[in-house]
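Under the heading transmembrane segment, TrEMBL lists 12-31, 43-61, 81-101, 121-138, 147-166, 186-205, 217-239, 276-296, 308-328. Here TrEMBL flags LYS377, TYR604 as active site, proton acceptor. The substrate binding site annotation in TrEMBL covers ARG471, MET653. Feature annotation from TrEMBL assigns domain 'Alanine racemase C-terminal' to 583-712.
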Amino acid sequence: MNNRKHYVGIDSFRYVAALLVIAIHTSPLSTYSEMGDFILTRLIGRMAVPFFFMASGFFLISEYTYSGDKLRTFVKKTSVIYGLAIAAYIPLNIYNGYFAIENLFPNIIKDIFFDGTLYHLWYLPASIMGAVIAWYLVKGLGFKKAFMAAMVLYVIGLFGDSYYGLSEKLPFFKGFYGYLFQIFDYTRNGILFAPIFFVLGGILARNPIRSSWKTSLVKFMCSFLLMLGEGLLLHQLGYQRHDSMYVMLIPAMYYLFSFLRSFTGKQLLSLRTAPLILYIIHPMIIVMVRMAAKMMRLQWVFIENSMVHYLTVSVCSIFFSLFLALFIQKIRNKEKLQDKKAKARAWIEISLNNIENNAKELQSQMPENCNLMAVIKANAYGHGAFAVSTHLEKTGVKSFAVATIDEGIELRKYGIRSDILILGYTSPLRARELYKYRLTQTLIDHPYAILLNEQGCKVSAHIKIDTGMHRLGFDASDHEHVIDVFNMKHINVTGIYTHLCASDSLSPEDIMFTEIQIKRFYQLVDIIENSGYKCPKIHIQSSYGFLNYPELKCDFVRAGISLYGVLSSSSDPIKTQLNLHPVLSLKSKVVLLRKVTIGEGVGYHRTFAPAKNSTIAVIPIGYADGLPRNLSSESRHVLINGNLAPIVGRICMDQLMVDVTGIEDVTVGDIVTFIGEENGKALLAPVIADNEGSISNELFSRMGTRLEVITVE
Ligand SMILES: *Cc1c(COP(=O)(O)O)cnc(C)c1O
């Protein structure tokens, strides 16, 4: 499955947190106000690192991800980054005289595990330890007890940090902390500080969102103000040995994170690594800015003015980290695509270029003021609604149509902001959801409109008119009821439409019938206008309606199958030839080759008995993946290494067999194409659909939920 939900709030705050960390290390307000500086760097700034821990915990420590793999990957990745960061800062360590200190070896060990070999690097080992401790606490004790255990650790830390002034007064505690401080310099570390935030992140990931972002924000503000008071008081009393840990930091972080978690949607820039790079490199940038300022003799502005210094460091760090993150992402994407194909069993390959081309081609052939309404019901005709909808919206498509309310809600969760029309029936009891997710409902008849109106929730709707298909819609002659809908208090009519049922045929009778349908519709539109109502947006054509009746003047064309670049059937005659390209390919690979001799059979019922000694390839894709079983009744072909090879025996639920006798160099792992092109040879969906007595629409929409969707350019 594609990762559908993007936590935009959390991901955006990563940048804010990274900038706060830079603030801690550059003190932007120090030129202006000591108190302001304390509040910014010792209180507000202290939320940055806990936030990073929580974000890691959120994605790592949640109930459903207890496979040790995830933790192992996290630890491995963080260790590699830590190793690289240590190496990168060795020159600076040398410059600072780090290696000249006494007791170098024990100190290095201490630093590597707890304090960091440079001041900010403690975050990485703390992250590793925090993750491991939180993971095993939750695994062993469950969330509640893990929370309490992590709290105990935090409280121990607290009394060695902001509340040290109290511990110092009691000899026993003083001795205890004296011992601890031989192991590490601060209690703000991977054992006493980090685990609680990882656990909290996991708890939040597991709990459903219960309160609105507003409530969370208010609760956060209250906790934060209390933390402010706590911090200022402790500062005043001189209790703080260090100033990273506060009692109120826990609720403040919890509510801040709840607030951020409420924002999901489309990610503008999915560079999750950039803030981490920013975090790691900023000390280097600080050194460089200082060096450059000295060389240009501009210390008085770039160093002495704390604000200018901070902004310069921030801008350079952001610039550099985005650049590096983009570069890394490019390489990774390439690797990922290779890796996905290498790991996949059977997959759908979607060409984003082709779907973009098709959308533009359709749009360019439409009359002025007419717009494409992209029909992406049934998981975008099996193409994967996420990839298709987000890419189309990015390239300028402003209306979508789906069949059901749940499909519509799904699109909103992907972050689609365009209009979404539900073409089918929705229970009136779900009116609130229609309103909440800004979905436009089709009114299927007058009683339905009344019921929906009675829910008392303002809902946008398009009135469906039955002009002869006799499926959904108000009768075209029933203008009184249609007009009645315009007066309904809770229904906002934004469109009116009909559906053609024979526009895919160019036989004279069908053309005549279609023209009657069109006439009935426009007559109704006239009546509405003559009754003094402003006629809403109108639409009539689906793909074939548009290809065969391109001259109609409407506000939308509801294009489905044509958007995906194929016809329903290879034999359909059409009037308009458009430059459309198939978007979908269906592929799998050879997982096993075996010899079968004359007299033996292959597959269920041994329906295939080779006439000579043959080589059979087993392919792990079957009818549960949407490959129709009745394609096995006659010999149908697949493409392997540019050669056509027949499917033999019955197609099974999850596998099928192909005769590769005589095809050279077939080996395990070779890619097998079922739909798509290879070396100039093509297997087209409409032809395959013809062979099984169906249409490409059905073939596509049945490509189950089991196939991975891989997008290519
Ligand atoms: C599915 C559907 C469409 C899209 O049809 P295509 O033939 O795939 O373009 C258009 N309008 C309605 C009402 C539909 O149900």
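Glycine is treated like the rest: Cβ placed from N, Cα and C.
What TrEMBL says about a protein is an automatic prediction, not a curated fact.
What you see is a predicted model, and the numbers here were worked out from it, not measured in a lab.
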**Message:** Going by a 10 angstroms cut-off between Cβ atoms, which of the recorded positions LYS377, ARG471 has the sparsest surroundings?
**Reply:** ARG471
**Cα-nearest neighbour of TYR604 (active site, proton acceptor) within the listed recorded positions, LYS377, ARG471, MET653** = MET653
**Request:** Show which residues of the chain containing MET653 (substrate binding site), separated from it by at least 6 in sequence, have their CB under 8 Å from its CB.
**Result:** GLY622, TYR623, ALA624
**ARG471 (substrate binding site) to LYS377 (active site, proton acceptor) - Cα separation in whole Å** = 18
**Within-chain partners of the transmembrane segment (276-296) [C-beta distance under 8 Å, separation at least 6 from its ends]** = 14-15, 18-19, 21-22, 25-26, 52, 81, 85, 88-89, 92, 118-121, 123, 302-303, 309, 312-313, 316-318, 320-321, 324-325
**Message:** Which sequence-distant residues neighbour the transmembrane segment (217-239)? Criterion: at least 6 residues beyond either end, Cβ under 8 Å.
**Reply:** 38-39, 42-43, 162-166, 211, 246-249, 251-252, 254-256, 258-259
**Residues in the domain 'Alanine racemase C-terminal' (583-712) grouped by DSSP into helix, strand and remaining coil** = 23 helix, 49 strand, 58 coil
**Item:** Surrounding residues of the transmembrane segment (186-205) on its own chain - C-beta under 8 Å, 6+ positions past either end
**Value:** 50, 53-63, 113-115, 122, 125-131, 133-135, 137-138, 143, 146-147, 150-151, 153-154, 156-161, 177, 180, 242, 244-245, 250, 253-254, 257-258, 261
**Request:** Could you pull out which residues elsewhere in the chain have a CB under 8 Å from any CB of the transmembrane segment (308-328), counting only those six or more residues past its ends?
**Result:** 15, 18-19, 22-23, 26-28, 271, 273-275, 277-278, 281-282, 285-286, 288-289, 301-302
**Message:** Would you say the transmembrane segment (81-101) and the transmembrane segment (43-61) are touching, if the rule is that at least three C-beta pairs must lie under 8 angstroms and be 6 or more residues apart?
**Reply:** no
**Prompt:** Counting across all protein chains shown, how many other Cβ atoms sit within 10 Å of the Cβ of TYR604 (active site, proton acceptor)?
**Reply:** 11
**Prompt:** Taking DSSP three-state, what's ARG471 (substrate binding site) in: helix, strand or coil?
**Reply:** coil
**Message:** If we skip the immediate neighbours and take only residues 6+ beyond the ends of the transmembrane segment (81-101), which ones have a Cβ under 8 Å from one of its Cβ atoms?
**Reply:** 107, 112, 117-118, 121, 124-125, 128, 276, 280, 283-284, 287
